[in-house]
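Colleague: The structure under discussion is supplied below as structure tokens; questions concerning it will follow.
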Amino acid sequence: MAGNKAQINAVQTKPVEVSQQIQDGEKFIKWDEDSGVATPVTLKVDKFGFYLHWIDQNNEMDILDIATIRDTRTGKYAKIPKDSKLKSLVTMGSQDSLEDKTVTICYGSDFVNMTFINFCTTRAEIAQHWTDQLLQLAYNLTQLNTSTTMFLQKAHTRLVLTVDKAGKIPVKKMFTQNKEDRKRVEKALDISGLPSGKNDAVPLQKFQFEDFFNFYKSLTQRSDVEKVFEGIVGNTKRRLMSVKQFVEFLNLTQRDPRLNEILYPYANEARAKDIIIQYEPNKYNANRGQLSFDGFLRYLMSEDNPIVAVTKFELSDDMDQPLAHYFINSSHNTYLTGHQLTGKSSVEIYRQCLLAGCRCVELDFWNGKFDEPVIVHGYTFVPEIHARDVIEAIAESAFKTSEFPVILSFENHCNPRQQAKIAQYCRELFGEMLLDAPLESHKLEPGQELPPPALLKRKIIIKNKKKHHHHHHKKHHKKQHALPLEGEETPQETDENGIVNPAAEGENGPPPDIIPENEVVDGVVNNGEQQIRNGDVSHAPMLQQRQNSRDSELIYYNNFILFFLIDIYIDDEDESSTEEDESNVEDIKFRMGDKVPAPDKVATSAKETEAGAEISALVNYVQPVHFNSFESAEKKNRMYEMSSFDEKQATTLLKERPLEFVNYNKHQLSRVYPAGTRFDSSNFMPQVFWNAGCQLVALNYQTLDLAMQLNLGIFEYNQRCGYILKPEFMRRKDRRLDPFAESTVDGIIAGTVHIHVISAQFLTDKRVGTYVEVDMFGLPADTVRKKFRTKIVPNNGINPVYDEEPFVFKKVVLPELASIRIAAYEESGRLIGHRVLPVVGLCPGYRHVALRTECGQPLPLASLFLHVIVKDYVPDGLSELAEALANPIKYQSEVEKREKQLMVLTDCLDEPSEEIEEKDKVGETPTASKSTEETVKTKRVQSVGELPVLQPTTSSTHGRPSIIGINTSETPEVEDNAPSPVVQFVDASANKSPVNASTSEEVVAESLEKLMENKLVKEKKSELEKKLESLRKKHEKEKIRIQSQKGSLDGEKHKSKFCMSHKLVKRLSSRNMLVSVSRKTLI
């Protein structure tokens, strides 16, 4: 708001800092409007910043989880008592105004159902300090994305705060659980040496965090982690991990192989020792560089072992790219808090959406009484709210949690007078925040890119139809016809929401108190008729005001419902500009027959043009226009023009012109909104349109369905600023992306992801079965849903162990667009919690994942234990070679191991039989499996570019087609249940069998040179060459390190060969001696 002090961005990524002032506490008066009670309290925050708690004069304590706080307010926007008596009770201290001394805290589990708590203090500066501190704690991303250990610390802190009057923690408050689980809790307390009786209490001095951690281990019995630990150290009695073993674990299991080795070097012994010293509780072990199971568990649960790279939560994206290069967090019909027809509207939800990082909200303006514009969902039962209140709420909340620009999507149904009032409110309330003129560096010219978010910080951008100054001759207003309803022809229009607006005509239209007869509406006298698609509409159609007669209301209600059903056959939106779409008034098309003659455009008077100019003057970088074609948009080359599509229109464009849609979104903004038939305020899947590069994918924030959960999860990253930079290949002019690509995109390295769900902790306190699902969202080729699901573990919400086969996403074509959703469910299908994780930024290894609610708030203690593998995708044929180049030491050790195994066989070898020698002389090849395997292996691991020549021909034996290079002429017919024959590769030139022209037509093979010129082959060759080059570089680095080792190995090999040869010589010599002796005896 103009004149307000600059707002401080509450979102922080630095470690939590709780000021000593709010730790020590402050005297406040807590008041409640409903009860009329004012209670003196002492307000405090714990040292970790987890909980706000207050104690009254009777030492009764109340606690509020700071993570659930949505907003804090003081001054003009704080609530004050309406009752004069209550107001006098809470007024104390200095002469500052009561608003300035009041702190209003807003909290809730979603965006709609908010609860307010109010505290009054003695001075304005105290109220301001608490307001700022609490908001920063609530939006601290380090706190929200903390480790499993810190969530345990949070649980411990709550227990410590809930002591009884004797200063002890009642055992029954440890966990709220069922009877069977309560026995487990009592047993774990007993094992930990703590009081375990139902009516016992634990003294605080015996319940420090170390005691609580030991209790946690006893309760959860982390056998899942113990299995991992034993796999590293082996079944030794000492059960300690050495520094060398820990280094190997960090580098081979926990390290992301996709990282650059220079920027992200491998862990060394020094780093491993630092971690051991930090997490090993036994100081003797720590000083000796040894890690126990306890220390290993603490490390796996720590902030040093996150599931997502910490940098993903920071402002890590380049914010200097054009506006069209970002996905922008967007809301649809923001004012609604529920159903599209019968729900309520709210000013508060605008604040909640903006605070959650939404950067594009929608305002539907209609003419209100007394020339005051209102916001309402036209022709529904939704109540109206005042436009000024909404604009003021936006001004107050727009930049509290993000300083990047906010786009206001106006859908304006007002007459010129009230449009001018809207423009006045924008200038008055937004002040300097309003971007009412283009920047000097980015003028509104064809070919000029949109300005970047970094240049538009703390700016509000208006999206409204841009009216241009054109003078037209007045034309007579002709009666318009529409789809008949109950035998009548009722004029109507539709808007972006799919709302069909019937004209005021008799019983079937809005009554006279909505549009009085003969009232001037936008320069046209209303005589019971209304023009279709002229942009000029009536007063806000409030159904509650339509008729006093119940019968009349029911008649209109029935018509109203029918009008909504008609929406199926009507285009939902027309955002044409009067400059280039003067005659575009035939956008309402009826697929059941064209009954709408093209209306004439009504002229506007000078006064109307002047009034329209007020709101038009505020529009610059986001000018909505009617979408004609991609070719037209490319020809005009106006980056500042944008178009909106409902999900059906956008889907059609995506299916028919996918490449063009992606290219369009490289330069211009597009907005996609839910279809008008989604009366229940459900959402479409936003990933569909992110794949096309659509920036403003608008969703119903009031509905926390899967689509909204995915949206909140994606925009949680990049400091929750509401802007996510699109992948490079979706921004560059010289790159083309097919959203339906199934093969690897040129220049993009595909990925492979393995998710092994091992176990869970504290999913629910109910005695029910649980299971976990793992889905991936991305391009259609990458999207996997409802496929990967663990078994159901019955009656165990504390520590269920799943530990089945890993879920493998073999080939992720575009990792930068892909994300993984991991969700835990009760066996009934009810969601317990979930988490959305980006594939790029996902940390491999053994990791704990803290779960979230549908609204993205952390669940207390609920977590999953996973083993994650992420790596570059390697085709099956090259996997062995890639493994050898990536890890030559391991590959070499495998070769040596096989050689030693073969030595056991060669040690007892006799000389070859004479029969085999004779066959070798003749030139016959024994049909041993070894030769076949070697041939297959040789063919499989071939150099890049050497593709086998596959020539279709005809088998001389069976008359069926075969392939040159695969010998099928001697393959017998196989029964259905018989094992498949071994495929044997032979030289194509050796195949001399004639082609049987009578049984099949001869097919001439392409030459190798021609095949190599094929585009797909060239792309594949280029891709493989790049991968091999990368692997060769890694190989060269490792080569130096194994030179000394190789020398020693060569010596051992020589020695072993010599020994073997010596043994064979001795055997042959002794045998020859026996033969000589026997011959002499015979002689």
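Cβ from N, Cα, C; glycine included.
Caution: TrEMBL annotation is automatic and unverified by curators.
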Colleague: Out of E280, E411, E428, which does TrEMBL tie to the same Ca(2+) site as N333, E362, D364?
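Modeller: Ca(2+) site check in TrEMBL: besides N333, E362, D364, the record includes E411 out of E280, E411, E428.
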Colleague: Rounded to the nearest Å, what's the C-alpha distance separating E362 (Ca(2+) binding site) and H332 (active site)? Just drop the number here, would you?
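Modeller: For E362 (Ca(2+) binding site) versus H332 (active site), the Cα atoms are 6 Å apart.
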Colleague: Taking only C-alpha atoms and a 10 A limit, tell me which of H332, N333, D364 are near H377 (active site). These are the recorded positions.
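Modeller: The recorded positions close to H377 (active site) (Cα within 10 Å), listed in sequence order, are N333, D364.
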Colleague: Which whole-number value in Å describes the distance between the Cα atoms of H332 (active site) and D364 (Ca(2+) binding site)?
Modeller: 10
Colleague: With H, G and I counted as helix, E and B as strand and the rest as coil, say where DSSP puts D364 (Ca(2+) binding site).
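Modeller: In three-state terms, D364 (Ca(2+) binding site) counts as strand.
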Colleague: Pop the mean pLDDT for the domain 'PI-PLC Y-box' (615-731) in here, whole number is fine.
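Modeller: Averaged over the domain 'PI-PLC Y-box' (615-731), the predicted model reaches a pLDDT of 96.
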Colleague: Give the number of CB atoms, excluding that of H332 (active site) itself, located within 10 Å of its CB.
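Modeller: H332 (active site): 26 neighbouring Cβ atoms within 10 Å.
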Colleague: What does DSSP assign E411 (Ca(2+) binding site), in three states?
Modeller: strand
